[in-house]
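*Asks:* Copying in the features that TrEMBL gives for the protein in this structure:
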- 6-218: domain 'NADH:quinone oxidoreductase/Mrp antiporter transmembrane' (DOMAIN)
- 59-76: transmembrane segment (TRANSMEM)
- 82-99: transmembrane segment (TRANSMEM)
- 129-151: transmembrane segment (TRANSMEM)
- 171-194: transmembrane segment (TRANSMEM)
- 206-232: transmembrane segment (TRANSMEM)
- 219-270: domain 'NADH dehydrogenase subunit 2 C-terminal' (DOMAIN)
- 252-272: transmembrane segment (TRANSMEM)
Amino acid sequence: STVLLFSSILLMLKNNMNNEINESFTSMIIMSALLLKSEAAPFHFWFPNMMEGLTWMNALMLLTWQKIAPLMLISYLNIKNLLIISIILSVIIGAIGGLNQTSLRKLMAFSSINHLGWMLSSLMISESIWLIYFLFYSFLTFILTFMFNIFKLFHLNQLFSWFVNSKILKFSLFMNFLSLGGLPPFLGFLPKWLVIQQLTSCNQYFLLLVMMMATLITLFFYLRICYSAFMLNYFENNWTMEMNMNNMNTNLYLTMTFFSIFGLFLISLFFFMF
């Protein structure tokens, strides 16, 4: 925050007093401070450790709501070179950082850094696409954190031995994981599809290639979770299971999951109808 205020004062001095301050240098400092606030790589170091100590509702705030202000300000500062470097680093670090994580909060943090790379690239093209991407990402993150919060899930091994009574809940949870990863038949693919289309029309092929490769890595660790949860024969304690989920929560969760899984079909139907 201090860096942001300091660079804003520098910029004001430049405008008011015609000082010999390089404006692009000042804008770069502002941009770096905003990227730090929106946890983009290479300024992401505080974020996973911070996430580790939060409850799920606070983590949700940090993952979604806290990104709006810095990203809006970044959209006014169009420093393309710095933005492209940050996008490439964000998608790569978000993908590789999540590979060896067993903590769900850290997993969501690295996933968020990866998605932020996509958001920054959509911000580079158009603000409306950024808004669409952000809304879809927030919706999918909300579904997962809502579920984790109800069952107080914080680590991967809890996922494997959970939901003994209800396999549908377990299945839907992992479908949401795949949707967040951006696997095509699910809703999470739609914003990525839009960004891919816009990047190809802007001839940003190298950037797109790096982003898609990194997203494949994130999909790999989501798939690895799903695969091990369904395929491996692990120990389940039937007597410790208590379904502390009331009907309203279940219905809300299943409704949101329905939109997460079949959203792409529904949107395609609307497109063909109108």
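Every residue gets a Cβ built from N, Cα and C, even glycine.
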*Asks:* Return the average pLDDT for the domain 'NADH dehydrogenase subunit 2 C-terminal' (219-270) as a whole number.
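*Replies:* Its mean pLDDT is 81.
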*Asks:* Under an 8 Å Cβ to Cβ limit, what residues of the same chain, 6 or more beyond the ends of the transmembrane segment (206-232), are close to it?
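*Replies:* Long-range Cβ neighbours of the transmembrane segment (206-232): 84, 87-88, 91-92, 94-96, 98-99, 101, 107, 110-111, 114, 117-118, 121, 156, 159-160, 170, 174, 177-178, 180-183, 192, 196, 199-200.
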*Asks:* Are there residues at least six beyond either end of the transmembrane segment (59-76) with Cβ under 8 Å to its Cβ atoms? List them, or say none.
*Replies:* 30-31, 34-35, 37-39, 47, 50-51, 83, 105, 108-109, 112, 116, 119-120, 123, 127, 130, 134, 137-138, 141-142, 145
*Asks:* Mind checking which residues of the chain, 6+ beyond the ends of the transmembrane segment (252-272), have their Cβ under 8 Å from one of its Cβ atoms?
*Replies:* 139-140, 142-143, 146-147, 150, 169, 172, 175-176, 179, 184-190, 245
